[in-house]
């Protein structure tokens, strides 16, 4: 038996993703986002999170998936990794589950169009449900964003 | 007692006392005959000693104790201050500061202070021989022969407490008790004696120590120093009434007998001082006894500012919570105006007034007088002047000027650089000053004052002034600029060369300054705080450095503007004026848009293009609102959609994830809860 891990489950399209609960600060409904000029297109801007200005990125855009209109199910998951605090826009977030670290397999090269380095692994939940565990520090890697920005310019 | 809980309080208070010792000693040095200063020095030293003994920092207490002894002689006019005593006391202070620093860093506060203690004791002894203290000790020793055998029991620390209790009208006693040979419960009997004495006063010291008595680690007799409200005969009678007590001997103590008790162990004070700290039970009454003695002089010393210490993080949290509240207030005001009910409107209006008062207070909480930075300078200047053999007077004005805590924390080092520079390069040697027909003593003015949204700090001295020829020569030699460029410089521009990296005019490198680092670091630091530093100098007459700092880094006045649906803030400090420009008046120069403004041509910047505005384009308008901004001597006009108005905004960062965004310096939260970005005008002027 490996360790128990509590994860927040959210959806992007048909895929289900997981983030460890201790990395999640809060989950919010969409609030007005202030655009920040001259940033990568997936950086949607900043929001006021109870007096603190937090940048928000669209996770679909970050993974080069097609961006969709936000719905009433859309949520902002605010995560804190090291000294970074960033909000992710996801299609929906509605579950907290316990998984066993033994159930997490290392990811194949590409899952649903997402490069393996953004992934920590894939957890099998039974009934054919798969949960994609994110590697947050890679998702928030700033060097890559700088490269992206240079490509766009 | 858990000492850790008190440690931070101890450190804070020790620093306060050390600072006041420093200040008062400096003041005393300039006015050695003012005994009221000695009194306050003595009070600080005494409190410091009591605190460190209670906390178990023996070396700290021992050294303070020696210094206190010297001060006591001065206070009682038995000793005249001279420069040797001052230097020794200052050295002692430095050692104390080092020890406290060690404690701050988690050390034990131990240090080798024997040499300082030795010189303090020489000061003491030279007085004992010359003064009239010795005759008094003779009758005292004769008056209390029975005590003198146990004299070594009492150290100076305890005796000073006894002495103080006498001064405040209490009677201390020395009591010797011996139990009957047949006594079984020796500890219980000892306890009964202690209980009796504690009910009627304070026990300063017992021999053997209390723990040993409790554990029956004594033979048949023990002795106690106590301060009691009872009379000698009453004490005799009441102790004698306790069963199994064989003999009781009660000796009232007077200053003379006390002096006899304490002169003997004076040399061994460093060792014996550990006694109260090692025995916590004895230490706590010691502190209580010291307290009333301390309070009375303080009460007469005028009103003391009552303060508490607050963690700066809590203030930040308070500030954030408050801005949340402000946002709700705006919403409530909107709702009230829609609902149109009188009682609701009145309540909301009242709440608005209260919250604006609250805002003022919350902002003020973060303000700290610059004195907290300035107060270490007099000592620094004194030491520097001594080591350079110059005579310098530092005149501080406006030390009560308040600045935001975040700025205060940062300006210390730059100011130290400027002052050291003034002492080293500015003020001349005594001989040079006399030759130049100036007074022997050089003067450095350190001034702080408010002006508009800024605080100015000036360092002005009446020394050498800047030798512009020399500055220019060195700047060219060090490759700061070419000879060609040097010829076209105005005097002011030449003066500013001293802030160039790698520049130093000192002919020889000194310990104090002149390594070519310093002034450029000063400029970098102050610029990074959003401030500015300028220099004004007349050769041969003196130099004035002027540092301009923003009042606060967290709240600024800004102009709110609109670009289509988006709102932005522009810091008011960069704005020259606002206006309107007609499309027809826009000139094209090399493909750049320019306009005529006050007889000069300035560039016109399209903010919507810089910020890639999604729903605003000024080129469709016939007339466009402009804001003229400035960066130093350079001006530019930026086109905006609409002015919203002026407002005080709270500065927020965009966080670690979004850094170095072009033309954006931060963000703020508006009354409606939305985030507005703050434009960095400096990035718009090239």
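Easy rule for this one: first residue shown is 1, then count along the chain.
Heads up, the Cβ atoms here are built off N, Cα and C, so glycines get one too.
Look at TrEMBL and you will find B:1-103 tagged as domain 'HPt'.
Positions annotated as phosphohistidine by TrEMBL: B:46. Cβ-based neighbour count (10 Å, all protein chains) for residue B:46 (phosphohistidine) stands at 23.
For the domain 'Histidine kinase' (B:303-553), the model gives a mean pLDDT of 81. Under the heading domain 'Histidine kinase', TrEMBL lists B:303-553.
Annotation comment: TrEMBL describes B:555-686 as domain 'CheW-like'.
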Item to check | Where residue B:46 (phosphohistidine) sits in the secondary structure, as DSSP reduces it to three classes | outcome: helix
Next on the checklist: Please count the residues of the domain 'CheW-like' (B:555-686) that DSSP assigns to helix (H, G, I), strand (E, B) and coil.
Outcome noted: 17 helix, 76 strand, 39 coil
